[in-house]
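Taken straight from Swiss-Prot:
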- GLY2: N-myristoyl glycine (LIPID)
- 23-281: domain 'Protein kinase' (DOMAIN)
- ILE29, GLY30, LYS31, GLY32, SER33, PHE34, GLY35, LYS36, VAL37, LYS52: ATP binding site (BINDING)
- ASP146: active site, proton acceptor (ACT_SITE)
- 379-398: region 'Disordered' (REGION)
Amino acid sequence: MGANTSSKAPVFDENEDVNFDHFEILRAIGKGSFGKVCIVRKNDTKKMYAMKYMNKQKCVERNEVRNVFKELQIMQGLEHPFLVNLWYSFQDEEDMFMVVDLLLGGDLRYHLQQNVHFQEDTVKLFICELAMALDYLQSQRIIHRDMKPDNILLDEHGHVHITDFNIAAMLPKETRITTVAGTKPYMAPEMFTSRKETGYSFAVDWWSLGVTAYELLRGRRPYHIRSSTSSKEIVNMFETAIVTYPSAWSQEMVSLLKKLLEPNPDQRFSHLTDIQNFPYMSDMNWDAVLQKRLIPGFIPTKGRLNCDPTFELEEMILESKPLHKKKKRLAKREKEMKKSDSSQTCLLQEHLDAVQKEFIIFNREKVKSDFNQRQANLALEQTKNNTEEEEDGQNNNL
């Protein structure tokens, strides 16, 4: 499936925007909200990434372009050890691309489906790492709104990383959100009763953390909610159902989960300090957590892809527009567009042209390089000013 077979890495202009030709496509590994995901290698640095690609025409037809743009906007401003971070975004005539951290440990949903039994100490560390990620998002005024095992990836050492910001929301200060979005079994009670006057805030992500932690420990969720369950039934369930906790779990873990699964958002644990100050976490070295120096109790199997192998078959056999045939397809498409003059084709092209114009190109390497250069220039300028001040002082003393 590789796009480049040459042993000699091509030379790219440093000032050129990163594009599809800068990567070697290795294999498909999954599906995102609006597209598919594959492993890629950057030709110049040989670094490995995950590349998510979204077909523009499908996004236009499903009215999903704005969601993609919003996700890009949010991810460009984020960087944290327990997030899946964006490195590049670019486009061609057919697709929009997001190149992110490659995490080969699989998502937590995959491991649950493989009947992995997560021990309490493992889940305890997961809670700490995810709490640090949520605290960072909160500091950036971001609500994820879709925290669940499917959107938590493991790296090769077993540390967790939050991904998929497709329905995340930016929350201006002194405001609350009223729009309903998320995956029902993980949505907080206040999201189902949200009104314009009340709304909801960051606490919804901490409820999702509680549901996820419970599910990892028990293999099922605390409430029997499905995507087909009506909002009315869910509200009634929150008011009447009693969450049970196995006797094998420590009382400290049960107490923590109860704080996260508190129906009243004002009383729910919803800050990192709530977790840090909880007696159960008194033995936790939080600097070591942030620096990933604590060894998780579950480490994904090395030497294998922790994902559904059918994704590769879909890409190679079933996919109507496989990525490895992109160049030929784009050349053919250009010829067909020149021949076609139907009003429907013209309208679609107008929308695609708008996407092309408004798409946000991003290069984290360049952003970091520019920042480091500015810092170096400032340091040089400061040194120069200090030297001049010292010389002026010496002259004044003469």
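Backbone N, Cα and C define each Cβ position, glycine as well.
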Using a 10 Å cut-off, grab the number of neighbouring Cβ atoms around the Cβ of ILE29 (ATP binding site), all chains included. 22
Which number gives the other C-beta atoms within 10 angstroms of the C-beta of LYS31 (ATP binding site), all protein chains shown included? 13
Restricting to the same chain and to sequence separations of six or more, state which residues have a Cβ under 8 Å from that of GLY35 (ATP binding site). LYS52, TYR53, MET54, ASN55, ASP95, MET96
Could you state the whole-number distance in Å separating the C-alpha atoms of ILE29 (ATP binding site) and the residue listed as 'active site, proton acceptor'? 21
Assigned conformation of ILE29 (ATP binding site) - DSSP reduced to three states: strand
What whole-number Å value do you get for the CA-CA distance of the residue listed as 'active site, proton acceptor' and VAL37 (ATP binding site)? 19
Listed in sequence order, residues with CB under 8 A of VAL37 (ATP binding site) and six or more positions away: ALA28, ILE29, GLY30, LYS31, ALA50, MET51, LYS52, TYR53
